[in-house]
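Asks: Below you'll find the structure I mean.
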Amino acid sequence: MATHTAFHSLQVSRLVPFNRAHALLYSVAVLAALHRRLDALLAPATLLSISVSLPILLADLVLAFMWLTDQALRWRPVRRREFPDRLALSVDPKDFPAIDVFICTADPHREPPMSVASTALSVMAFDYPTDRISIYVSDDGGSEVTLFAFMEASRFARYWLPFCKENGIVVRSPEVYFRSSNGGDSEKMKMMYQTMKEKVETALERGYVGNDLVSSQEEAEVFKRWKGLPSHDHPSMIQVLLDTSKDTDIMGNALPNVIYVSREKRPTSPHHFKAGALNVLTRVSSTMSNGPMILTLDCDTYSNDPRSPLHALCYFLDPAVSPDLAFVQFPQIFQGLNKNDIYACEVKRLYTINPRGKDGLGGPNYVGTACYFSRRSLQGTPSSTSLAPGANDPLSSESVLRKAHEVASCTYEPGTKWGSSIGFRYGSLSEDYHTGYHLHCEGWKSVFCYPSRPAFLGDAPKNLNDVLSQRKRWCVGLFEVAFSRCCPLTFGTMKASLLVGLCYAHEAFWGSWCIPITIYGLLPQLALIYGIPLFPKVSDPWFYLYAYLF
């Protein structure tokens, strides 16, 4: 079955009937296998055989549960296609909605400021009206070096944006582009970029921004505010680096807004990690540009296709889809993976396969980056939201900055619905999963947008310690949702639907894979040593059941 509109199309997988038939047949086989395991456990046996049979039954029950939840992902997978060229011809760019881009960083040593600035430059150079783009950088590390990097990047943008558009450059992250491009005008730009990079790296090595690095006394005064302030205890700091109403590139074209934000931090106030930072950016941006669309990006996820906003608009500007559309999620795709992906960082099932299955039911989950939100969806349910008007005063005006500092303070959220029913949700280390899950339970929909050219590329963990830390954080965050009152098996199935609840349960209990993996990794050897059969012999008719299941 196919559905077509002016700007996009949808095709349901032709394998759906076969998937459902297979699920029915396989479920009978799984039940039969569990019945056999239970019979073996209840039959008269020794303590040793019971100590082997009981864990094996537990492992099989977990495997059966995870298989069951996985079937929801295969119930109605779909593929979508967008037609951005039709959109560009049908809609005047002056009528495109404004986009607020949120980029979060927290540690200048683990997340080099120049890499974060290159991410920002890549989205500043979108094929989109620049006066409708606002970049908000959340620096939870409160680092003056990060601010300095963005000051330098804002100056560099005057040359970089015209260079990209005049030369038809597609990869508009200067860090990525200059790895492989040499000669001609690109060599001059590369020298400018290298000079900027050396200044920022010098500041990073020193740990502060010296007067010899800044361009004016006014900038030097800005950095004096950082002296003696610890990263976990400081007032909010907001700096407008570019203002589209008055800043232009070398060709006279307006530049995007660029705003640096370091929210207030106090040891006595919870900061709620990344979700808290995103909520501060949501509020600060609402006092300044108040764009109807919000793009969230990890600091290492750069734009690989400058037309990605047009792909998202193919859905947001469709009146049949947009009323209850919360977000358009692009796949998270990684660059630089080694040939064998030894740390299993590509995670294709999570980022590219499962989202197609969810897309046929109500939409994919939010994965924390490469996602365009409707600001309305962060303000309540589809039936109760309306977009507040944006601020009319200049970004740098005293009244706007005073309001922005107010909403970035630690005392603003207590007693409000922020983090519970408004904004990005608190209560889990996996704030992306938690937020997308609640939006779907509130009646919102989402769309999986997977164009042939990856819209965004990011960095995967590069060593075992980073991989283990990441997976531990995922497991803890998902279990925090699984074992809460919002468990997808109960809350999700009631508020969204049975199939959507099972999809979210499959991810919420993702960490439980360790149970069957550990048991099957250890017990077969012990059973072999003590002569305890775990599986039927080839001559036993039950053997064919296990062969089929395998």
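Backbone N, Cα and C atoms are what each Cβ position is placed from, and that goes for glycine too.
Pasting the feature list from TrEMBL:
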ACT_SITE  Asp140  active site
ACT_SITE  Asp432  active site
BINDING   Glu111, Asp140  UDP-alpha-D-glucose binding site
BINDING   Lys274, Asp298  Mn(2+) binding site
TRANSMEM  15-34  transmembrane segment
TRANSMEM  41-68  transmembrane segment
Asks: Going along the chain, which residues at least six beyond the ends of the transmembrane segment (15-34) come within the CB cut-off of under 8 Å?
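Replies: Apart from its flanks, the transmembrane segment (15-34) reaches 57, 60-61, 64, 67-68, 71, 74-77, 545-546, 548-549.
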Asks: Among all protein chains shown, how many Cβ atoms are found within 10 Å of the Cβ of Lys274 (Mn(2+) binding site), not counting that one?
Replies: 20
Asks: Taking Asp140 (active site) as the reference, which of Glu111, Lys274, Asp298, Asp432 (the recorded positions) have a CA within 10 A of its CA?
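Replies: Neighbours among recorded positions, in sequence order: Lys274.
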Asks: Would you kindly give the Cα-Cα distance separating Glu111 (UDP-alpha-D-glucose binding site) and Asp298 (Mn(2+) binding site), rounded to the nearest Å?
Replies: 10
Asks: Using Cα coordinates, what distance in whole Å links Lys274 (Mn(2+) binding site) and Asp432 (active site)?
Replies: 9
Asks: Expressed to the nearest Å, what is the distance separating Asp432 (active site) and Glu111 (UDP-alpha-D-glucose binding site) at their Cα atoms?
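Replies: Cα to Cα, Asp432 (active site) and Glu111 (UDP-alpha-D-glucose binding site) are separated by 20 Å.
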Asks: Taking the Cβ of Glu111 (UDP-alpha-D-glucose binding site) as the reference point, list residues of the same chain whose Cβ is under 8 angstroms away and which are at least six residues distant in sequence.
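Replies: Expected: Thr105, Cys299, Asp300.
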